[in-house]
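Colleague: What follows is a single structure, and I will ask about it in a moment.
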Amino acid sequence: MPTGLGYDFLRPVEDSGINDLKHYYFMADLADGQPLGRANLYSVCFDLATTDRKLTPAWRTTIKRWFPGFMTFRFLECGLLTMVSNPLALRSDTDLERVLPVLAGQMDQLAHDDGSDFLMIRDVDPEHYQRYLDILRPLGFRPALGFSRVDTTISWSSVEEALGCLSHKRRLPLKTSLEFRERFGIEVEELDEYAEHAPVLARLWRNVKTEAKDYQREDLNPEFFAACSRHLHGRSRLWLFRYQGTPIAFFLNVWGADENYILLEWGIDRDFEHYRKANLYRAALMLSLKDAISRDKRRMEMGITNYFTKLRIPGARVIPTIYFLRHSTDPVHTATLARMMMHNIQRPTLPDDMSEEFCRWEERIRLDQDGLPEHDIFRKIDRQHKYTGLKLGGVYGFYPRFTGPQRSTVKAAELGEIVLLGTNSYLGLATHPEVVEASAEATRRYGTGCSGSPLLNGTLDLHVSLEQELACFLGKPAAVLCSTGYQSNLAAISALCESGDMIIQDALNHRSLFDAARLSGADFTLYRHNDMDHLARVLRRTEGRRRIIVVDAVFSMEGTVADLATIAELADRHGCRVYVDESHALGVLGPDGRGASAALGVLARMDVVMGTFSKSFASVGGFIAGDRPVVDYIRHNGSGHVFSASLPPAAAAATHAALRVSRREPDRRARVLAAAEYMATGLARQGYQAEYHGTAIVPVILGNPTVAHAGYLRLMRSGVYVNPVAPPAVPEERSGFRTSYLADHRQSDLDRALHVFAGLAEDLTPQGAAL
């Protein structure tokens, strides 16, 4: 049975013990003993985190130190390690449907016995892909594009003839690369026996591995090179490059009885003075092509990576290879890994003629990964892999369970008392006795809910008095309540705006404001965050439209304050309305805590003011305030208000009480801002990118979503709770922690948190991550 190199190639791999591979051999025979097929299997631990190009080696090391098992799994793989042929050698191609299911069953049993997490049948070529898919998909496998290889079909009798197929521009660099002797004084030896050089080869190869950023490579040792020389004598050749007698690079190639010539490994001394100019990799490719031609080989397989240089070789083409994957027990992990590999494995930059074909294959594999048909609306659920990837990696930390009230500290299930740096209860009123008692009394008096829309049977005198108090608090004629802050934005904006209108938004507005704009059917456009020059250009460009500027007063992820004074001026100048979301400013900023608009002296110029009760006002719900006709219009046309049950009595009463306490105890505003500034200053001194903008929110920027999630878990297990932030909440480069503070934070708890942060500074700060 043809097997590319032949299975004896694997003897050097076994003898050298590289990567602690455990080897198995599969044979499928007929009843009379005639072989049908055979395959090489091996079990190996693989670090999938090395395929994440956005996760630097320093970050990866940090996460591994915290969570040693992060993205490291044992794979039971079927393949020849060289990617030169399909993983299963068959007596006849027609035997595939008989043998492959048996192989998959044997792998399943081996994985169970071996403790492997994943099964992988790798390096299936495009020609056989559909048949493998038809057999393996019903068995729970999913396909993924693997590392693409570069091949060239040899149809020339000499290197000179091959070069003659190229343009002068492409031919010249290849031709001159062979002049390394004349130009740099480099000598090359062609060796069939090279065991004595094994230590040098391992050292030069390690330079390549150290610089590689594409995936976890095999860990070749001197024993491997010595075993290759011993077992592959007459079927391998080493080119050893020397400069002034010292080995500086090598290329090791192998071949079998078939038509394939394989470029196996290479290594180089990057400190060699002519390293860049000599381009010995290009020279070695040309020497390899010459050798392959002399041996009458019809195909030179150049492996993966270094695509740019390899594609300069005459006739070189990128060949997609497909992996079939399956988790040993969990179909969700199967789908997640397949999606992650498609997302993480680097694709080569290709010429247009190759790129089009490659893209077609990529889209085909993505479609074949789907567990649901194209017409099924739930297919998007099957396609996502962000949060399932966190679960697979063991760093999923959403929905932590707390077992007590949120004060300076909070009780977390299985973790005990931890410092809370991730609450929106800025004034600390959610546990204030007066607020708690008001909530309890309202429940006793009115019951737990109103069981109806505010428009009909859901309005209590408690709701009416709260609306009046809020309107008075903000100096607006009227206010209307909604059941949540999110609903408040949806109700107001979708009622006020319609098709043909223009909504102008800050690029970093809260998600609810964008959802509201989409729900309204209006057009909307963005201006760069707090960039008033850009806003002015947008207003000039949209002159003549019915427009409204929609903006957060304090931005929930950044803690920055909108330039509301300039916004008010621009709105007046261009005849535009302004809608401001004061959710994170009310209670904290401005006279009596009336928000950023009041602090900047422009509250009266804000056409519509929205606020929420789930932050400073210790409850749940939201409201919209403005001129009475505007508010009345929202009352009757805001779907989030009309078609939702009204605010529970307990929530309305708690908000009433919180408003009273916040005005009676103004020092709470000073305390929360002092706590935020203290922590921002302390974190910055430790080297963190911690930003203070005069609000209760202090973002800590890390720059990588995975690090943000892992760091969040590490902090929580060290006794400090922060909120992890990552896309889509923030741009990827702003991933990190959102810390926020409350007036009741004890100094001892803040110092305890700083102590924990200090212990992680070497891992999490830019200076530490670079080490």
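For all residues, glycine too, the Cβ spot is worked out from N, Cα and C.
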Colleague: Which of these, SER451, SER453, SER556, SER616, does Swiss-Prot say binds pyridoxal 5'-phosphate at the same site as GLY485, TYR486, ASP581, GLU582, SER583, HIS584?
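Modeller: So the pyridoxal 5'-phosphate site in Swiss-Prot includes GLY485, TYR486, ASP581, GLU582, SER583, HIS584 plus, from the candidates SER451, SER453, SER556, SER616, SER556.
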Colleague: Taking the Cα of HIS510 (substrate binding site) as the centre, which of the recorded positions listed as SER556, ASP581, GLU582, HIS584, LYS615 lie within 10 Å of it?
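Modeller: Taking SER556, ASP581, GLU582, HIS584, LYS615 one by one, the ones whose Cα falls within 10 Å of HIS510 (substrate binding site) are SER556, ASP581.
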Colleague: Could you give the Cα-Cα distance between SER556 (pyridoxal 5'-phosphate binding site) and ARG407 (substrate binding site), in whole Å?
Modeller: 20
Colleague: Are there any residues in the same chain, six or more apart in sequence, whose C-beta is under 8 angstroms from the C-beta of SER583 (pyridoxal 5'-phosphate binding site), and if so which?
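Modeller: Set apart from SER583 (pyridoxal 5'-phosphate binding site) by at least 6 residues yet with Cβ under 8 Å, we have GLY485, HIS510, ASP552, ALA553, VAL554, SER556, MET610, GLY611, THR612, LYS615, GLY622.
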Colleague: Would you measure the largest Cα separation among GLY485, TYR486, SER556, ASP581, GLU582, SER583, HIS584 for the pyridoxal 5'-phosphate site and round it to whole Å?
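Modeller: Taking every pair of listed residues, the largest Cα separation comes to 13 Å.
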Colleague: Near the pyridoxal 5'-phosphate site, what residues other than GLY485, TYR486, SER556, ASP581, GLU582, SER583, HIS584 in the same chain have a C-beta no further than 8 Å from the centroid of the listed C-beta atoms?
Modeller: ASN489, HIS510, SER512, ASP552, MET610, GLY611, THR612, LYS615, GLY622
Colleague: Can you check how the pLDDT averages out over the region 'Unknown' (1-418)?
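Modeller: When the pLDDT values over the region 'Unknown' (1-418) are averaged, the result is 89.
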Colleague: Whole-number Å distance between the CA of TYR486 (pyridoxal 5'-phosphate binding site) and the CA of ARG407 (substrate binding site)?
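Modeller: Each residue's Cα considered, TYR486 (pyridoxal 5'-phosphate binding site) and ARG407 (substrate binding site) end up 24 Å apart.
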Colleague: According to DSSP, does LYS615 (N6-(pyridoxal phosphate)lysine) fall in a helix, a strand, or coil?
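Modeller: Its secondary structure by DSSP: coil.
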Colleague: Can you count the other CB atoms that lie within 10 A of the CB of SER556 (pyridoxal 5'-phosphate binding site)?
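Modeller: Counting Cβ neighbours of SER556 (pyridoxal 5'-phosphate binding site) within 10 Å gives 25.
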